[in-house]
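So the structure is just underneath, and the comments pick up after that.
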């Protein structure tokens, strides 16, 4: 086990930021911590890194208790914080070299590692640039390079794609996959469900400092009643027809707003075929029609009653 | 690792343009302005010899005491007494006196008689001096006459000699035996002291960069396998080096460009600068560690406290130093800027180093205290809030 968090409690005065939080991270996985802003993801990461005091609980990394002076553990961790944490006065190369030097003393070895990190994040052409001259996306890549240059076994990324353009975001996500393929275990926190869904092999969904669900994305989606959502563009639909649709097999709810019919189904088969048959029988003409499988947002919505981005 | 951190911190400090402006360029600009403002101050305060004339008439020729008085103030007294003469006197005819006055060759002329009459073309500093001195003579003579009327025996008891030896009006007093006093140099002392204390900005920067609750960079650093005191000591050492180098540049500018004389006790001057910079850096570190406000607020606190300390040390008003020593003497021992200033002052003016050692000793103690308190605060390795 790479990370073990057990019954972690952290209070800020009366506010309970982490409420008996428990989870494990296994070697080689990309572990996702998903939750809305303020759900306690960053607090959990800071506690794991022994930066924050906590009120109760146990944290183990690499099967050893984590402590501020556990330098042998820290040597194997790479951290990429939510905010870019680099020195404006140092160039791209110097920043990576400086943070790498906190882990690797040998200058020759470090030189090779810094070059690899520059290559990995695609900043070779920007090595002499100062951070202020970099775009937001490139700055994020530098932030990542500073955290991974020393080739850690465990990489913690706390919302690394906040305020990043789509191209840079894809670049970052691809990079994380490659790091994992190279053997690093990843903890990835985000409130973007699409990223977590795309990237993570195992996911913990947090809300109000608690774990509300955990498992693979398939397991999480299997926990909820929702099986499918079908949306149809229809220019005219009577209330009689709407009531008839409600009575079709597996239908859990029906909404008709702005000429769009939205139908949610419980788990079941042939929902789209049944619906198309109904339209044909009642001579109902329709425009575009599409079907969606449940997302992690649906999981969150069904469990908490609110949207993930609320 | 220490050297690598030190080297990188050095780069961070030297490349911080705003920091270098306030700690190096700003004092250089202030020094230039000080020099422009004070360059004529010493000259204007120096007493110039006043050209006067005495009308040569019978009364003047008769009164040996008055001639003696005039002579006393128109020549240098031997060096042992260090008096300086006030007047260049010419004894001339009334017509010549008028001509000299019309041609502005003299500030005024005196016609001896009862009373003594002073003729001037305009009023001013020199004319006031002439009037005051001859009035003084008249009053002294009048007093002597009164004494003789009541006590004729006084003449036999040395009154005449006393009248003939009216004390000089000016006397140059030297505090030590090394240098001639220059009141403007104190402004430059406070400027150097303030610049030393601006090292506080380096201390602030270093602590901000290792406290995880103060900056994200520090959070990253705290997650690394390195003792933060190692990082702090490397950073503070880098700050001290830069601060000291800046002070040397400032001193060089003052001595070689502006020709300010600081005496020749280079070793002691360097020691004072070193301790001044160290106390400044440790003070900044303490301010940064002791409160959780933003970096901007801390910088504002440092600027205000440094300027206040410099003001109380006499940077904006030279009398302030003496007012503090007269009314709140303890404050001059608490104020590090005043201690640095006074240490320079003591080096420049005094023959012994007692006062210098007291000042620098206190600076050393404050540096140790500031460092210890900072260490007590930042040794905590986890934070309640980030």
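Glycine too: its Cβ is placed from the backbone N, Cα and C atoms.
What you are looking at is a predicted structure, and each value in this text was computed from that prediction instead of being measured.
The following features are taken from TrEMBL:
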type: DOMAIN; residues: B:17-374; note: domain 'ABC-2 type transporter transmembrane'
type: TRANSMEM; residues: B:20-38; note: transmembrane segment
type: TRANSMEM; residues: B:187-204; note: transmembrane segment
type: TRANSMEM; residues: B:231-256; note: transmembrane segment
type: TRANSMEM; residues: B:268-287; note: transmembrane segment
type: TRANSMEM; residues: B:299-318; note: transmembrane segment
type: TRANSMEM; residues: B:330-350; note: transmembrane segment
type: TRANSMEM; residues: B:356-378; note: transmembrane segment
Item to check | Proximity of the transmembrane segment (B:20-38) to the transmembrane segment (B:268-287), 3+ C-beta pairs under 8 angstroms | outcome: no
Item to check | Among B:231-256, B:268-287, B:299-318, B:330-350, stretch most in contact with the transmembrane segment (B:356-378) (C-beta, under 8 angstroms) | outcome: B:268-287
Checklist entry - Taking the transmembrane segment (B:330-350) as reference, which of B:187-204, B:231-256, B:268-287 has the most Cβ pairs under 8 angstroms? => result B:187-204
Checklist entry - What parts of the chain pack near the transmembrane segment (B:268-287), using Cβ distances under 8 Å and only residues at least 6 beyond its ends? => result 192-193, 196-207, 232, 236, 239-240, 243-244, 247-248, 251, 262, 298, 301-302, 305, 336, 340, 343-344, 347, 353, 356, 359-360, 363-364, 366-367, 370-371, 373-374, 377
